[in-house]
Amino acid sequence: MMSRQAFLCSLGSLYLSLLFIFLLMDVYARPANNSVLKEKAAEGKDENEILPPDHLNGVKMEMDGHLNKEFHQEVFLGKEMEEFEEDSEPRRNRKKLMVIFSKVDINNDKKISAKEMQRWIMEKTDEHFQEAVEENKMHFRAVDPDGDGHVSWDEYKIKFLASKGFNEKEIAEKIKNNEELKIDEETQEVLDNLKDRWYQADNPPPDLLLSEQEFLSFLHPEHSRGMLHFMVREIIRDLDQDGDKKLTLSEFISLPVGTVENQQAQDIDDDWVRDRRREFQEVIDANRDGIVTMEELEEYMDPMNEHNALNEARQMIAVADENQNHHLELEEILKYSDEYFTGSKLMDYARNVREEF
């Protein structure tokens, strides 16, 4: 079992990495190997969300290969996460945490076991799944104008290009008449990548028509085993530098070529690398051979993997388990709420961890 010092160091790395998200807007220090599709997905999207989202709630790694820095908060707070972000009143947040504690503590013994936390994590992950299903219904209706229950690639392509500023009627007319579309190179590359994903979501027999369920797999590959496998292949394709379809530690933590502009940027790079290294060595590389295979990455990515949920539960308990009884009590959750369970006051806590070690 991981030592308490190792857990605290891991925690410090987690919070510094969370801080990285907010500082990214001001400092140029981004991971390498992002495809055009990923970059486009991160930019402003239209209200219908017709481009597959880059960030998948309740999944530990995003579609561009970034670690999901809000994962612990997502699987602990669930739907209440936005309320904690919007409400800065400590007393109200404490009451909310007390309610959550009572829901996790199903045997009412005033403490949370790893099994209880595992059950809660699985429940919150399923909650994210159900939210995605409901959102998909709305998005599907937006791209299925004739309401026939299927979306063709051309229908989707028209809506996608319209969301990028093209005239929808003109595009539809040109596609109908098989006329050439004048599309810039970057947009065409995004379309090519999306069409690959469309093919993968199109269940046999392939007809390039997606049903509502297939469209869900297109937008949220975590809902489909086949699409999850495709998603893993995409991540490895983006990070794999030698073409062996496996990831070494150096590939997983690769940074852009060139120097950073200032010390602040260098510190962020260092934090990002440290966090990636820990996740690679301690979590993803299951057999500890220094290589991550597609199978290992797929197991890590599977949001409904009960073994992974149990490991997450044990880690969440260990970082706040002051009395070392392998359970979480309400006082421990409240004490560590700002630093870990609700994700606020990140900078102060990260500074304390650095000073301690």
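Each residue, glycine too, has its Cβ placed from N, Cα and C.
What TrEMBL annotates here:
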{"type": "SIGNAL", "residues": "1-29", "note": "signal peptide"}
{"type": "DOMAIN", "residues": "92-127", "note": "domain 'EF-hand'"}
{"type": "DOMAIN", "residues": "131-166", "note": "domain 'EF-hand'"}
{"type": "DOMAIN", "residues": "227-262", "note": "domain 'EF-hand'"}
{"type": "DOMAIN", "residues": "282-307", "note": "domain 'EF-hand'"}
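Helix, strand and coil content of the domain 'EF-hand' (92-127), in residues and according to DSSP, is 27 helix, 2 strand, 7 coil.
Using DSSP to sort the residues of the domain 'EF-hand' (131-166) gives these counts of helix, strand and coil: 24 helix, 2 strand, 10 coil. Mean pLDDT across the domain 'EF-hand' (227-262) comes to 81 in this model. Non-local neighbours of the domain 'EF-hand' (282-307) in the same chain are 2, 10, 58-61, 118, 122, 125-126, 128-129, 222, 228-229, 231-233, 235-236, 245-249, 252; each lies 6+ residues outside the stretch with a CB under 8 Å from one of its CB atoms.
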